[in-house]
Every structure is written in C-alpha cells, then in structure tokens.
Amino acid sequence: MGKIIGIDLGTTNSCVAIMDGGKARVLENSEGDRTTPSIIAYTQDGEILVGQPAKRQAVTNPQNTLFAIKRLIGRRFQDEEAQRDKDIMPYKIVAADNGDAWVEVKGQRVAPPQISAEVLKKMKKTAEDYLGEPVTEAVITVPAYFNDAQRQATKDAGRIAGLEVKRIINEPTAAALAYGLDKEVGNRTIAVYDLGGGTFDISIIEIDEVDGEKTFEVLATNGDTHLGGEDFDSRLINYLVEEFKKEQGFDLRNDPLAMQRLKEAAEKAKIELSSAQQTDVNLPYITADASGPKHMNIKVTRAKLESLVEDLVARSIEPLKVALKDAGLSVSDIQDVILVGGQTRMPMVQKKVADFFGKEPRKDVNPDEAVAVGAAVQGGVLAGDVKDVLLLDVTPLSLGIETMGSVMTPLITKNTTIPTKHSQVFSTAEDNQSAVTIHVLQGERKRANDNKSLGQFNLDGIQAAARGMAQIEVTFDIDADGILHVSAKDKNTGREQKITIKASSGLNEEEIQKMVRDAEVNAEADRKFEELVQTRNQADHLIHGTRKQLEEAGDKLPAEDKTAIEAALKDLEVAVKGEDKAEIEAKTQALVQVSGKLLEMAQAQQAQQGADAGADNAAQKDDDVVDAEFEEVKDKK
C-alpha cells in the first residue's frame, strides 16, 4: 500500500507532508520551498503554471492568473461573497449553467475544483518526486466552517487531480494533531485560532490521554469562510489606490497591470509591517498618462495598517465567544492557544487573541505547516502507520429539512460528533398527498430560505391518507468527511428514496469524469512537451558543437562536405524553432550523417593533441629528475 499524503489546500499557500519513519515531514517543492503559492496561470501558449512560476508572471498576465480560488469553491454565483470578489478580482468571475461561481479564462469557463486540482497535482508530484513512487491517496484539509457543498467540491478537486481522497479533515483539528501528537501534553483543552489567506476558524479541542492512546475531540467550532489575509491585503490596496488618486489624480483601478503590481507590493508591505514599524511602497513607472510616467512612493506605518484592518480583526473575536459558549466552557478552561495561518503573524492579531484568552499563544507551532503535518498524521492513522490516535470531529452547522410554513427543522445540530446518523418521522400537510419534497438545508436560521440549500428530492407513491396520517421517516447520515447522505421512507409502504447530497450547485458525475480525462490529457501533453524540450536541447547542443568543429576544420574540410553540413545545419535550426519532435529528430539524424567526415577530423585532432600532451609531459618528467643521496634511518626502539 502506497503512502497517504497530507495536503493543506490553502487560499494563499498550499503545503504537502508525509509520515516518514513515524514522524511527519513537510516536503519541498521543485522550487525548493516548503509552501507553494495557490496561484494558477494559463499562459498564451497553452501552458498551465502553478505556484511561484505563476506568481512571477502575474504582472504581465493578470486576467489569466488565478488566486484565492478557494473562496469560490462550492459557492453560487449569486452568493454575497462571490459578488464581493467579482468586483475586486482582476480575473473574471462568471455564472455557470448550474448557477455556480466559475471563472472565465481565455474565453472558456472553468470550475473552481478544476482550478484547485492544478495545485493538488503539484502537491501530488512533489510527494512522488520525494518518494520515487506513484501517489494515489490523500487526506485534504478544509476550513472547519466549510459547508457540505464546499467539502464536496474539495473532494471533486482531489478526484480531478488523480487522488482518492481518503478523508477530508478540518484545518484546526489537523493543527491540533500536529501540536498534540509528539508532546506529553496530558489531558488539555486547547483553542485553535486559524486565520488563513481566505478563511477563519476557531475550534475548541479536548486532548485526552488514556493508557497511551490520545483522543482529539472537537467540542465546538465556529468561523467565517470569507475572512482572511486577502481581505487585509484588499484594505491596504484600497488605501494605496486612494492615496495615489489624491496625489496624482489617476485611478489605478482602471489599469489591471498596475493593480497586479500593487497587489504584490501591498502583500509584501503587510508582511514587513509584522516586524517593522513602517515601510515604503515604492513602485516606479506604475502607470502613465498623456503627461508622462507616474511613480508611487507612499509611506505606510504599522499603526496605519492596524487602523485599516481593525474591524476585520474584531470580526474574528465574536466566533471565539460563540465557540466557547457552544462548548460550555469559559476562557479560564483553555490551557493552550494555538495560532494557525500566515495572517496570525500580525502583532495586532496576536495581541487581540492574547487579550481575549488572557494568555500568550504558543510559539512552537509553525502556522504555515501545522495543518499539512496534521493531515499527514491522519493519513498515517488511516494507513495503520500511526497507532493510538483517535480523532473525533464535529459538523460545523446544523442540518435539517424545510417543513410546513417554510421552517427549518434541524435533524442534526451543529457541533455533533461525526460520523453520525439521526432519524425523525414527519407527516403529510394535505389530505391524500401522494408525494413529498424533501428540501435539505444547512445553517442556524429558523426561516428555511435564510439557510444554505443543499438540495432536494421527491418521495413518490405515498399511500393515500388523511393529512397527518402518513408516516415519512427522514434519515440523515453524515460520514467521516462531513458529507451528508439523506433517505426518506414511507413507513406504510416501505417505499424509499436515497441521495448523497450533491448540493443544488456542484459538479455532476459526468462533469467530474470529463475533468479527470482533461487532466490526464494535460499530463500526456506535459510529458510530450518535456520530450520536445529534451529533443530541442540535444539538437541545440549538436548545432553548437558542429559549428565549432566547422570553424576549427577551416579549409581542411572538402568544400562539398562543408556545403552539405551548412545546409543540414540550417534545416535543423529551422526545425528546432518548430513544435514537431519527429521533424527535429529527422533533421538531427541528417546532420549527424553528413557530418561523418568532420567528426573523424575532430577525433583525429583530439587524438593528436592527446599524443602531443603525453610527449610533453614525459619530457617534463625527465627534466624534473634530481639526483640525490639518501641515508636509511632506523627507528629507535
């Protein structure tokens, strides 16, 4: 059985880890980095770039460079969050036929799971390069507050990337695993505050140790799936745009290239202000108008940044109160606070969290890597490599159905430990009703329409009866991934209908299969491209070597041979500029054949040079011989 890898599929950065000799190891990607930017670029010549290479070309290709795609995964186009992003992202967010939020790239609509799959493929390849064997199974993390549609979409992304997703686990829970596994922590209650690039979670987790077995039980979770570092960046970008407009009278929002440069500079400035009190955002030639080029040079202090994002940090405090209340605990019951996610490096965030809990957060957990490490540990548990660890996670939101009067009736309440199963009997609202529609909802609001609709299905053929007499048993079954399966059964006739909730949004099986096939075709295209580059490089090497030998041969080479070689060289140089591998190989072979005489001359010249060098060395050695007397000295005993 191969390794089950752990992947933290982040909004801003992603990370992959494996269990190696009983320890979790974070792997370096092909660029030598332990985290990979979750950025995907579609270039003009059809290449797909992921990570740092995609980030590097973003300034010149802003419309086709996609970032923060996790904020769109499993979302409807009409969702408030998708509409907010539509107005600020440099790329185009559009509605899919099924109403989902998709992205338009080079005139084609692409689904967020398909885009995220490109990042997962890079993580998969990173692990394969390290292990030297194929990887087909993974544990992928999601924000604890992700709903059913978002979890399902993440699983779909895994499938498109060629991975069997063995388990979806919550990011704070994964961080707790990373923290608690190798420490003699005893019985403790911890709070994991996870503020990443695009999402925020708080989880209250109890770690119990009994006879050497550690149980990680999530007591409560809360959060905001649209609050993260990207929002902090946006605040700073907006401030810089307004300042520039005041100074120069020019709105940079109309210039996508300038906005891309500004995004990079704002992110860098934000990071610098975690350790410095002030920084300069200096962007020469950021744009130009009729009067000439314009430059940006704006000083930003830490205090200014804090004033811009104060309300965002405050927004993260309310879920802390709710999570503690749901867990039935007070601040004094929390023994350790763990910070996860790059945005928690901001001093203001650390201070607010410390003030709330009345204690300093721990500094021995790497906020960028802890989640991937925890995912790898869970992979080890599933593979049987890690013993004595039990993980009890919860469902973040209540699940129920719409009942008479458009009311949401919960069957499974939030923070219920999963996997779980619950049944409830309902009845008909009309006399002789022959069918019922089961409308499945997720959320905490009383009015059905105020909750997230996960889907609906019909149960037909109900036995005719007076209103309220028919007995319809509805069963909700949540698996370990937090994904919901629903069935409805007429208890009188035994007639039953079942569905695995595929949200009213989401990809259908046919779409997923097509994307899997597309990914396989891309993999084949990538392999062919690598072979073409290799063939080109060999041809270039031959061209360079042949030209050098031609120069050295001078007039010693017969004119007809020289003409034939020159012609073959020209043909190969033309072929190398093209995309036809077979053509390059054929022209390479043709050059090798006509260069026979030249090669013989070059080899003869090398042999002669070798012989001359040998003779010189021998003469040198003779000259260096020195007559000397010597005396044998016996060792003293």
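Here, residue 1 is simply the first one shown, and the rest follow in order.
Including glycine, each Cβ sits where the backbone N, Cα and C put it.
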Of the ranges 8-42, 393-427, 603-637, which one does Swiss-Prot list as region 'Disordered'?
603-637
Return the residues near THR199 (phosphothreonine) by Cβ distance under 8 Å, restricted to its own chain and a separation of at least 6 in sequence.
THR11, LYS70, ARG71, PRO143, TYR145, PHE146, GLU171, GLY223, ASP224, THR225, HIS226, LEU227, GLY228
Work out the three-state DSSP category of THR199 (phosphothreonine).
coil
